[in-house]
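Visitor: I'd like to ask you about the structure that follows.
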Amino acid sequence: MDARAGLPVLPLSGRAPRGRCWALPTALLCLYGFFASLRPSEPFLTRYLLGPDKNLTETQVFNEIYPVWTYSYLVLLFPVFLATDYLRYKPVILLQGLSLIVTWFMLLYAQGLLAIQFLEFFYGLVTATEIAYYSYIYSIVDLNLYQKVTSYCRSATLVGYTVGSICGQVLVSVANWSLFSLNVISLTSVSVAFATAWFLPMPQKSLFFHHVLRSQVSREMKVLDWLGGCAGSGLGPTGSECGRVDISKVLRELWRDFLQCYSSRPMLCWSVWWAFSTCGYFQVINYTQGLWEMVLPSQRFEIYNGGVEAVSTLLGAVAVFAVGYIKVSWATWGEVALALFSLLIAAAVYVMDTVRNIWVCYASYVIFRIVYMLLITIAT
C-alpha cells in the first residue's frame, strides 16, 4: 500500500492484481464519463445561441463562433497529448472537468461575440483532453481487460449523452422549460463529474515520461511494463532515475515509436482513417444543427433534436458495448469493415445534405453516428 495515498502500488510487471484493482477505477471513470456527457442543453445549442438569450446572428454562430472550437482543438491536441503522459492522466481529466464547468458557466452568463468565442476555446480544450479520459484506464487495468474496459468507458459517455438528450427533449417539448434552465442542469451535471474525478487513483506510470527502460525487454513487453509503478519499488537502473525526465530522450523515443508503429500497414491505415473520420465527424456534428435549422426553423416549428441525439447515441452505445464481446480478428477483417462502413457513413452524410426533408436528415444522422461510434471503438 502507498502510505501517503492509501492506494495499492501497481507491481513492477505492470499487471494489476486480477479482479481486484480494476473494478473501482473503471467504475469511477465510467461515472465521470456519464455525468460529463449528461448535458441536456447541447442538442439545442444552436437554437439557444440564435435565440433571445444570446441574440447572435447565423453568420456569427456558423462563421465566427463554431470554427473557434475546431481550430482550438487542433492547436491544443498535441501539447495536451504530451501533458497527459507527463502528468499521468488524472490532472488532465480534472482539467477537462474544470473546462466543462467554465464552458457551461459562460454559456449561462457570458454575452457578446468575443465572450462566446472564448467559450468555444474552452470547449476545444474539453475535446482535446478527451485523450486523458480514454487512455487513463489502460494505466490501471491488466492488458487482457483492455477490450472490455474500452467498451465500458465509451458506453458510459454514450449513455450519459442519451439520458441528457432525452431529458432535454422532454423538458422542452412536454414541460416547456427554457433553454437557460437546461444549461443550469448541464452545469450541475459537469460539476458532479468534476467532483467524481478527484477520487480516481493516481497512476504511477505513463507510456513515455514515467517508465523504466530495459534494453532486454521487447517492445511488446514495454507496453505491459509502463503500467507498473517505480515509486516505492526501489527497482530500476538507479534509485533516482524514475524521478528524472529527459525531454530529449522522450522525444527520441516518440520518434522511434512513430517510425515503428507506422511501418505497419494496418496501423497506418487505421490511424489515417481515425484522423480523417474524426475531423469529418466533428465538422458534421458542429454544423448539423445549422442544417436542421435551415430545413426546419426552430423559431416556427417544433424540433426534435434531443430525441434524435438520444436515439443515435443509445443505439451507438448498444453497438459499442457489443464490440467488447465480439470475437473477430480485426487484423483479417478490419480493413474490409473499415471500407464498407466508411462508404455507409459517406452515403448518410450525402443524403442528409441533399434531401431537404427533416425526417430524412434525422434518419441519416442516426445512421452516421451509430456507424462512426462502432468504428472508432474498434479502432481504439
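Cβ from N, Cα, C; glycine included.
According to TrEMBL, the transmembrane segment annotation covers 21-38, 68-87, 94-115, 121-141, 153-174, 180-200, 303-326, 332-352, 359-379.
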Visitor: Given a Cβ distance threshold of under 8 angstroms, which distant residues of the chain, six or more beyond its ends, lie next to the transmembrane segment (94-115)?
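Guide: Residues packing against the transmembrane segment (94-115) from afar: 32, 36, 39, 41, 48, 54, 56, 60, 64-65, 122-123, 125-126, 129-130, 132-133, 180, 183-184, 186-187, 190-191, 193-194, 197-198.
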Visitor: Under 8 Å for C-beta pairs, could you tell me which stretch among 121-141, 180-200, 359-379 has the largest tally with the transmembrane segment (21-38)?
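Guide: If we count Cβ pairs closer than 8 Å to the transmembrane segment (21-38), 180-200 scores highest.
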Visitor: Find the member of 68-87, 153-174, 303-326, 332-352, 359-379 that has more C-beta pairs under 8 Å to the transmembrane segment (180-200) than any other listed stretch.
Guide: 153-174
Visitor: Cβ pairs under 8 Å with the transmembrane segment (303-326): which stretch of 153-174, 332-352, 359-379 has the most?
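Guide: Top-ranked stretch among 153-174, 332-352, 359-379: 153-174.
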Visitor: Which sequence positions outside the transmembrane segment (153-174), separated from its termini by at least 6 residues, show Cβ-Cβ distances below 8 Å to it?
Guide: 26, 29-31, 33-44, 133-134, 137, 181-182, 185-186, 189, 302, 304-307, 309-310, 313-314, 316-317, 320-321, 373, 377, 380
